[in-house]
Amino acid sequence: MGRMTATPARRVLLAAPRGYCAGVDRAVIAVEKALEQYGAPIYVRHEIVHNKYVVQTLEKKGAIFVDVTAEVPEGSIVMFSAHGVAPTVHAEAAERKLATIDATCPLVTKVHKEAVRYAKDDYDILLIGHEGHEEVIGTSGEAPDHIQLVDGPEDVANVEVRDESKVVWLSQTTLSVDETMETVDALKSKFPNLLSPPSDDICYATQNRQIAVKKLAEDAELVIVVGSKNSSNSIRMVEVALDAGAPAAHLVDFASEIDEAWLEGVTTVGLTSGASVPDVLVDGVLEWLGERGYADVETVKTADESITFSLPKELRRDLRAEAAALSAE
């Protein structure tokens with residue numbers, strides 16, 4: 001009689017932190033509160049956050065997502081997404097007599113303010129980011145004559161500045177930390193006097209989620225990142241997992257997108273989610289994996305997050321006014 005070989009226990013390593021960051025949480029709640037406060041429709045310029053499920057859920061509640069301000073009927077309410085907008089967009093909204101609610105993430109606003117400040121001092125600003133991303137378009141719009149985009153280390157050779165003693169780098173908030181520093185190092189080799197921003201532009205949540213996914217990659221044969229294909233921070237997490245040694249890593253919006261073939265020979269699955277992803281989607285993946293024998297779930301914690309941001313000021317003002325009116329009755 002042959003000896004029985006024990007099957008290795010299948011398990012899931014669940015990253016913590018994962019999912020919603022403070023800026024996304026604030027933006028999503030802002031749309032929900034605006035719908036409650038003013039009624040549908042609430043127009044939102046671009047997807048409020050880059051997640052298919054979140055956008056579809058808010059559409060069902062009465063949010064209408066538009067690509068350009070001209071699509072918003074005059075006199076309506078328009079909310080700007082968490083990614084931020086250029087000053088020209090604020091001007092367009094004023095021209096159309098739109099009531100605006102600015103749900104730009106405060107960490108993106110910080111980069112906007114840095115751009116304005118350095119442009120005022122006549123610096124050449126090298127903005128590290130991905131061409132066409134809404135956040136990059138918004139930041140570039142703050143100082144179009146001073147900002148040039150650097151889309152990775154391979155772009156550095158083409159960068160030219162007016163005065164090498166007055167150059168500063170800024171970055172999109174959702175990039176790979178490692179790749180950004182590689183770009184910065186290349187820029188510093190070319191421009192030794194390159195100035196750095198006063199504090200990191202890459203946001204705390206992006207950094208924390210990348211650190212967590214690196215930890216998963218140490219032990220998992222497969223890493224699944226829940227997130228949308230247009231989510232910069234989610235895409236970066238797949239890249240970071242592969243760079244950190246994970247044999248395979250994939251991005252999915254929903255559990256139904258997972259290919260059973262990915263699990264072949266896999267005993268340990270690493271699971272995390274992008275900063276725009278509600279936990280209900282991660283729960284769906286856990287359930288799907290559980291049905292296939294990956295019932296043992298172990299949380300891998302690499303950081304605590306307690307940051308919260310207050311709602312956009314326009315919304316806070318109206319909510320306060322309503323509360324005051326109710327208490328006066």
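Heads up, the Cβ atoms here are built off N, Cα and C, so glycines get one too.
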Check Swiss-Prot: it lists His50, His83, Thr173, Ser231, Ser232, Asn233, Ser276 as binding (2E)-4-hydroxy-3-methylbut-2-enyl diphosphate. Then name which of His112, His133 it lists for that same site. His133
Out of His50, Thr173, Asn233, Ser276, which of these binding-site residues is nearest Cys21 ([4Fe-4S] cluster binding site) by C-alpha distance? Ser276
Which of these binding-site residues has the least crowded Cβ, counting other Cβ atoms within 10 Å: His50, His83, His133? His133
Determine the C-alpha span of the dimethylallyl diphosphate site listed in the record, that is the greatest distance between any two of His50, His83, His133, Ser231, Ser232, Asn233, Ser276, in Å to the nearest whole number. 15
Compute the C-alpha separation of Glu135 (active site, proton donor) from His83 (dimethylallyl diphosphate binding site), stating it in Å without decimals. 5
Among the binding-site residues Thr173, Ser232, Ser276, point out the residue whose Cβ has the most other Cβ atoms within 10 Å, with all shown protein chains included in the count. Ser276
By a 10 A CB contact count over all chains shown, which of the binding-site residues listed here is most packed: Cys21, Cys105, Cys203? Cys21
